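Undergrad: If you scroll down you'll find the structure; I have some questions about it.
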């Protein structure tokens, strides 16, 4: 840590605190995520390990936040990321009204390019939401927080937990307890994010899992085996029943959105996961090629995080770890292959 000067605190996540820092020799500004180990014998938290591995698999995309270095520190380790000025949640929060159509197109296009790159490399993010889409000082959107990401098994035989994704962006199959799923969970989240950008507020703001399903059903209608044959195989399908609800036309939900925008949105928000439009296909949709065209990143709003140079922390878990410990990190805790030295650019 001696090579960095801490400039302020950005926020707190599930496994550590994120700081804004400057490299002493190069002057480069970075974001340092300090990950503490509660007990040395527990080893590296799975989420932190997944984030490292996923980012090393897809480090060549300009639409994914770059992991610059990983190094041990005290009873834990530190991830050094490129510094990003804000996030899409702040953009939506600061907007006085829904974003302009050209701005929505630009953000969505950058998001889809990042998602397409991840999926092409068999990475499923599993927690796409505006707060995990960071914005650089130049307006570039990049996907961050790969703590829930997994390498996708194309044969579909692998079981995963359904307790992933932030509730408002959680796909219906996850709400019904699916243990086998694929990139479709990310595509549903993209649709939720697109709807939020068009609407200026979340499409499905449920306060618990049951209410979340109700929010979805109110707009998309009650799912049936006729529309979604696989629903009967989901673990929680028979645990709760809903009265028949007809879908509400998306043009009534988002009356100011264009026909092309609603057509693309509808292809994300489909009950059968395999029928959702792929990110690579979505980038070819007519929506992106009709006026107004996507805005240049320099034309996009870039709000500062609250607090200016010392941004307000995002809500985190009640426990706060002490990172200022002098105990050496046992070699067995950290795979040496995951440790990369800081290499200054240029």
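Just so you know, glycine gets a Cβ as well, placed from its N, Cα and C.
As annotated in Swiss-Prot:
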ACT_SITE  127  active site, proton acceptor
BINDING   10, 11, 12, 13, 14, 15, 16, 17, 18, 33  ATP binding site
COMPBIAS  303-318  compositional bias 'Pro residues'
DOMAIN    4-288  domain 'Protein kinase'
REGION    298-324  region 'Disordered'
Undergrad: Say we define neighbours as other CB atoms within 10 Å of the CB. Which of the recorded positions 12, 127 has the fewest?
TA: 12
Undergrad: Using DSSP and collapsing to three states, where does residue 127 (active site, proton acceptor) fall: helix, strand or coil?
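TA: Where residue 127 (active site, proton acceptor) sits, the three-state DSSP reduction gives coil.
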Undergrad: Determine the mean pLDDT over the domain 'Protein kinase' (4-288), rounding to the nearest whole number.
TA: 88
Undergrad: At the level of the C-alpha atoms, what whole-angstrom distance separates residue 12 (ATP binding site) and residue 127 (active site, proton acceptor)?
TA: 16
Undergrad: Cα of residue 10 (ATP binding site) to Cα of the residue listed as 'active site, proton acceptor': how many Å, rounded?
TA: 20
Undergrad: By a simple count, how many Cβ atoms lie within 10 Å of the Cβ of residue 10 (ATP binding site), its own Cβ left out?
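TA: Around residue 10 (ATP binding site), other Cβ atoms within 10 Å: 23.
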Undergrad: Far apart in sequence but close in space: which same-chain residues, 6 or more away, have a Cβ under 8 Å from residue 18 (ATP binding site)?
TA: 9, 10, 11, 12, 31, 32, 33, 34
Undergrad: Determine the Cβ neighbour count for residue 16 (ATP binding site): the number of other Cβ atoms within 10 Å of its Cβ.
TA: 22
Undergrad: Measuring Cα to Cα, how many angstrom lie between residue 16 (ATP binding site) and residue 127 (active site, proton acceptor)?
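TA: With distance taken Cα to Cα, residue 127 (active site, proton acceptor) is 17 Å from residue 16 (ATP binding site).
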